[in-house]
Each structure stands twice: as structure tokens, then as C-alpha cells.
Amino acid sequence: MWWHKIVLTVLALLMININSNAWNAGSKNRALLAPEIYSFLKDDYNGERQNWDISSSSSGATYFANTLGLLRYDGENWSLYKTSNTLRAVYCSNDTIYVGGNGLMGYFLEKELHKGFQPLSKIGNDIWKIFRLNELMIFQSFDKIYHVNPDGLVGIERFKHGNTSFTFPVGEKIVYQISYGKLMEIVPNGPERVICDTPEISKFLVKYVSQLSADTFLIGTLENGLFTLSNNKLTPFNTPINDFIKTNQLNKIIRIDKDNYAFATMNGGVILGDLKGQITYVLNRSNGLSNNRVHAIYKQQDRFLWIATNNGISLIDLKNPVLFFNNQFIELGSFYDVAMLNHKYYVGTNHGLYKITPLKNQSSVFDIELIKGSEGQVWNLDVIDNNLWVGHNNGTYILDGSQLKQLSKVAGGYTMLQSQFSPDIVYQTSYFGVAVYKKTNQQWQQHYSITDINELTRDAVELRDGSLIITGAANTLFQIWPDNEKRKVTIKNLSLLPQMRHATWVRAFNIDGQVLISSNDTSFYYTADETIQPCPSAFNKASYISEIIDDHTFIRKNKQLSLYNLKTKTIVPLAYKLDNIEDDLIFRYERITQPTSGQIMLCLSDRIAYTQLNKLKNAQINRVMPSITRIQYSNDRTGKEGVFKAGETIPYQYNTLQFTFTAFRYGLKSSYEYILEGYNKNWQSRKDNHAVFQNLREGTYTFKVREKGGSLVNSLSFTIAPPPLRSNLAYAAYAALIIVLSIALRYSFNQTHKKKAYLRLQRERKRLNDLRLLKSQQQLGEEVKQLQEEVTSKSDKLANLLLQNNKKKEIIDKINGELKHIRENHRFVDGRQIDRLSKMIKVNFDEKKDWLVFEAAFSEAHTNFFKKLRAKHPNLTDLDLKLCAYLKVNLSSKELAPILKITTRSVDLKKYRLKKKLNLSKEQSLKQYIMDFDD
């Protein structure tokens, strides 16, 4: 009947929907456990959203066929090399990256990527797949294959029976399906052969073919799942994985190892598992995949799984020992605790309490169920007396089946501690004080509250005497001795200890039966007898120490999370660092626990990390030699840049260099050490992959780089040319100049030497002349002195002569007077006799003649005196000159008066008038002026 058909159709659709939801981790009741997925979107790699194919080169770099061109990623940096059309396929062989796409068929050379795309042949169709078959490179389009031999010769082979979507290398042959038709086998330049022509296969679109055994193939189809093909017979798989593939449409398959495969779908992401149906991981948008429509998957270095999607690129590390439990589509909140009871996981978040149940036979897919009535902040979960205790923001609960039973209204419940001395007693820290619970008649009840500590309490650890160490909200620390029978306590404030003087926060931990007190300032063991003992340095100032897990514990301090071995008392070196996990721990609410043997769970801000101790300790990372991917030099003044090429000498003005390097640590943080020999003396550490050196001098340098702590060193030498003034040509010019200067200097030295000798000779001559002159001057001085003495003597003689003449004159005047008197008074005297005597006196005593004699004698003593005096003072009269002569011979006014036959006063008047004529000042002495004149 018609309605039966409608019911059957509806039921079929419902079954398909149920089956789809069973794998859809995006639903509100499902979460996945898988390695961390690192996703890159178009803004990260500066390309387009769609990526079509993936391959990696022997150098370690990964290449992607992007809508805009060829993408390259080395774990540190992305590069895009654009092509004229969309790339659909990429395949790396040695240092050649073969590419194909819309009307494109060619290659890039890895060491010359900057030269761009190099065409192999001009084609008018699209290349969708590239692979190697023996020595040939195969480029596949819908209607033909191009094969390129090692010499670069291109051959073309058309499909004779129709078009195909994809070809598959199987052994030394190529298998392909005629679109929705027969499955064919072809050898380049050889015949085609039908390997399956059943009517059934014509209903399928084959997306994958590989050989399981000599006569058995694994066939993957777009919508009909997986089959085995043997003897022209198709047998479907009946597994959960096959259901997933049929629901989400298969696109690509790759083999991960001997037993496991990765199945990429058009709508549901990627699923990893084996052909028996065991699912290892499910990867989709809910746990970080960039998009559920997958175009390509690729395994690199036996550990990395690359996934190219319709909206970006994703990566997982298959060897990473840490897995993550989450669903990005479910707002579970921040994770504060996890516990296991009756083979079920319970997770406490700030949204409530969830029950997590793994699917049957599927360890990576979990159902999630919110426990009714648990909505709100869950602080702590503990399994005590086979009951799940829940410390909640609204009170304290015990889970009874699937129902929460409120045990008390004590809110907070940060720590629940069952006494090891009285198992029927449980202590609980809270928002206010400490709550004490007691088991009576098989029922747990709140016994009493310790309110003497009137503040929020956090940690609780029991000492060997039954006393408790309790920490407060910040830096308070107490030791309490509870008397649970009397419901009383004795409290000691340990915050007053000298060790706690500078504490701003304090934590208390149970370390293998010992109580460790840790603060921002110090850490120490505290014993029941109230003594303080030193603790291992690894615990010092630790902000969190986990519970003991198989003789190990996790320590958080200084923004680092470490694994500590209690037996060896050493930090365990881990190949996989826990930096990203440490960064995700909730500060002061850290929780790392072992809900069941062999499992470790770390509660993070938005997910749970899962690992196993042995896997974490034994995980290995194969170190590789870092690759120096780029050397860029620049001119700091002009901003111009260049890229270094092997063998190039870098111009001096471009003496700022930036080195870029990588260790191909996909998904992991790398740290590096480097040294520039000729510049650095010690290795330098760096967290990023760049090293810059500025203003390098000319010379040859060697740059070396290695991973931090690694031994594999890559090195590269380069030379910076000297500036023009320090070039070889300049040094040749300098040498020539030095030679010329040497000759010039030698010539100059010789000339200088000659000149110095000449000057020495001149000085010697001058010295001799000076000696002669000095001797002459001395002789002349003596002569002058003699002359001066002669002049003085003659002047004195002239003065004496004048004085004597003057006296003679006076005597003669007196004789004349007497003769005159005799003549006038004596009548009897002969007048003629007297006249004759007077005449005789007058003739023999002539004043003019006396002056001439004086003048001649004076001129002999004072040559040219009158001439020079008259030349200097032409207004002087003869009488003035005569007076000057008298003054020159040092005659006083008194001595001059009789000579001039005037009074002394008249002499002074004459001298005054003479002084005026000589223009002498009042202060100048006339006599001294005349005496010094012409000396």
C-alpha cells in the first residue's frame, strides 16, 4: 500500500540521520579525543581558502596547490608563489616541485623558487593528479595522461574507452575507472586491460584503489563506502568506519601504517582507523579542523598528517603523546576537575557536572551528558567511599546513580580530604572555614564546621599526627588539631613563621606522605613535630604540584610545567614540551590527576588534555639539521634590500643581514641557538627563527645555527666587501701612494737634513760673528769708555780752562782797574807807559780768540754737537749755542755769571729762556737734557 512506502521512506531517512548524528561530534551530546589540530586560514598563509593537493620535499618543506599558486611552509614561515591559474596538483621529487592545474603543467625548482613557474608543455586541459611511476612523472587530466621521462621529454597517452576522474598507481601499473564504468589498468606506452567490469561497479564513482594482496584490491567509492575487489567480485565492508564514509562521501584515502588508514570525506572531515572498523581518531570542525570538506590528505615524515580543506589547512602530529578532549560546538566551560567512577568519567566545569561515556569499542568518541541539577560552578570532584563527592558553588553533593544528593549547604568545596587515621571523617575547605563530615550508620552527614578560621580556605593536607595544614585565600597558613568528638579545634597561625614573612601566596601539597609548604618566597617540608626541613630545589616556589602518579609528579612554576621523578629526584627531560598545556592551566585552580591507572588528565581552560606517563616519557622527536632558508641584506640608510645568493660577495653598504632558519618543527615551538664567527664569541639563544646583525665590517664570516640543546649544526659562510676606500684597488693605490710618499719623505728628509746642516752652519757662523761682534763691541765699549773718559776729561779741562781764563780775566780786569786808578790819581806816572801796558793786556787777552780756542776744543770732544743741536732746534742763536756749550761742560750758574759778565740771576733767566726755546716741559731738566744730547 502507498502509505507503507511512505513510512518505510521516512524510517530510512531517520536511520540515515541517526547514523549521521552518531558520528557528528558537532552535536550537543558528543566530544572527540584526538591529537591537537593546528589549523591555518587564508590570513595565515596569504593565499586563497581552497587548497587542492599536498606534497613535501626532501628538505623538509611542505608544498600546497592553492587556488592562487604554490604555497610553501617550513614550520616557521609561509610563502606564496603565484601562478597564472589555479593549481590542482603538486608532487615533490628531489629538488623539483612538479605542479599542474587549469591549463598548467610544469615545475618549480626548490632552490630557485623566486624564478617562478617553469612550464613543461603547453596544454589546453586541466591536470588533477601528479605521481611517480618508476622513472616517469605522470600528469593526469580527465581524458589523458602526460608522462615525462628523466630527460624532460613529454609523452601523451589518451584513455581509449572514455574519461576518468582519477588514476591510481598500483605497482608498476596505473588503474583508473571510466566514469561510472569499468575499472581499467594501463601501462604507459602499453596496452589497457579491464580488471573489473561488473554491472555493480558502474553504479559507483571510484575515489581510491590500492592492492591488499596479489589478487585483492581495496576500492573506495564516493557514496557507497569501501569494498574489496577479488576475481571481479566486489565485497562491501560492514563497519562503523564504512558507515561514516557512506554518510559523508569519500574523497581521499592514504595509508598511515600497516593497519591504519586516513579517510578524508567531502562533508565530515577525516576519520582514522583500520579496515576492521576500529576508529582511532575523528577529525572535524568540532575539534579544530579548518573545514569538513577535505580535498587532500598527506602523511609527512611518518608523523605529520596534513589536511587540505575547502577553507584552509590543518595539521596533526600522529606521534604526539598528548591528546585533547573537546568539542568546540559545545560550551562546556572551563574544566576544573575530572574523576572516574564505575568506568564512567565525570567532569566538573564552571557550567556544571558532566558524565562522559565512550562509545562502545570506540575509545576516541564520547557521549556527554549534563547531570541534572548540577548547573553552575563545580570546584572539586573526589571519589570517597565509592561515592562521587561534588564541591559546588551551591553546596556539597554526592552523586547517587544519576541524581545529585545534597550533603550540605557548605559552598566552595575546593578540597575534600578523607582522614587516613579516621576513614569515617572527611574534611572540606570552603568559602568560609572548614567543614567536617562523618559517616554514621553508612550515611555521610555534616558533622560540624570549623569557623575559627573565618575566611576562605583552599588546600588541606593531613600530617602524621592527625593535624591538618590549611591554606587561606592568599598568604594565610594554619595548623589545626581537630577534636572531632568534642567538635573543637586548636589552631596555630603558621603565617607568623619567619619563612612566611614575605609570602604573598601559599600552597600546601602532599608529597609522598610529606607536607610541602610552597610560597612565592620559599618552599619547605613541615613535619608533625612542627619542624621545618629543606625540600628539593625543583619544588622551590612551585605554584602547583600534582598528586603522585607512579612515582612522578607535575610541577608548575615560573610559567613552566615539568615532570618530576620522585625516585631519582630529577626533572624528566621531555621531547614534547608542555608549554601550550601550561599556558592553558587555570591559575591557582590547576588540576592534573590520574582517574584510573595508566591515564593522566590535565584540566584546562576550555578542554581536557589526556596522556599516558610512559608515552609522555618515551616519546621521541627526530631532530634534523636546521635549514637556513633566507639571507636578506639591507642598507640601513636607504632602506634598500637584497637576497643573498651562494658565492655572492655582499656590497659593503648592505652590511645589515637578517638570517631566517627553520628546524621543520611542525606544530611545535622551536628554540634556536646561533653564532656568527668573526662577530660573536658565544652562542646566542633565540625563541623565534630570525637573527639580525647590523653594521658588519668587511670580511668573511660564518653563520652557524642549531636547535637549542641540539648537536646538528648548519653553517654558511659569506663575505662582505670592503668600502671603496678599503678595496683591493684602493689598497694598491695606497701602496703606490705610500711608495711615492716614502720617496717624497726621503727626499724631504734629505732636504731637511741638508737644510738643518746649512742652518747649523749658519748658526755656527752667526755664533762666530756674534763672538767677533761681541769682542768688537767689548773693544768698542772699552774704546767708547776711553773716549767718554777722554771727553769727560776734555770737558773737565775745558771747564777748568774756562774757569782759569775767567780768573785770569778777573786778575787782568783788576790790573786794568789799578792801572786806570794809578793814571787818574798819580800825576807823576807816565801815561804812555800805562797805555802801553793796557794795550799789551788788550792785545794778549782777546775774548773772541778765547772762544774760538774753546769752541775748537769743545768740537773735538763733542763732534757735531752744534750742528745736531741747531738742526733739531733751528731757532737757537749763537749766544744760545754758547750757553748750551757751557752747560755741556757742566758749568753751574754761579760759574757762568763771571764768564758771561752777568749776575747769577741773569744766568738763570737765560737758562729759563733757553729751556723755553728747546720746548722742554716743566719736569724736564735743562742741564740734563744738554748733558744727554748726542750721547
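A Cβ is built for glycine as well, from the same backbone N, Cα and C atoms used for every other residue.
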Can you dig out which of the ranges 777-804, 805-832 TrEMBL describes as coiled coil? 777-804
Residues in the domain 'Two component regulator three Y' (667-708) grouped by DSSP into helix, strand and remaining coil: 0 helix, 23 strand, 19 coil
Within the same chain, the residues 6 or more beyond the ends of the transmembrane segment (729-749) and with Cβ under 8 Å of it are 722
Mean per-residue pLDDT computed across the coiled coil (777-804): 65
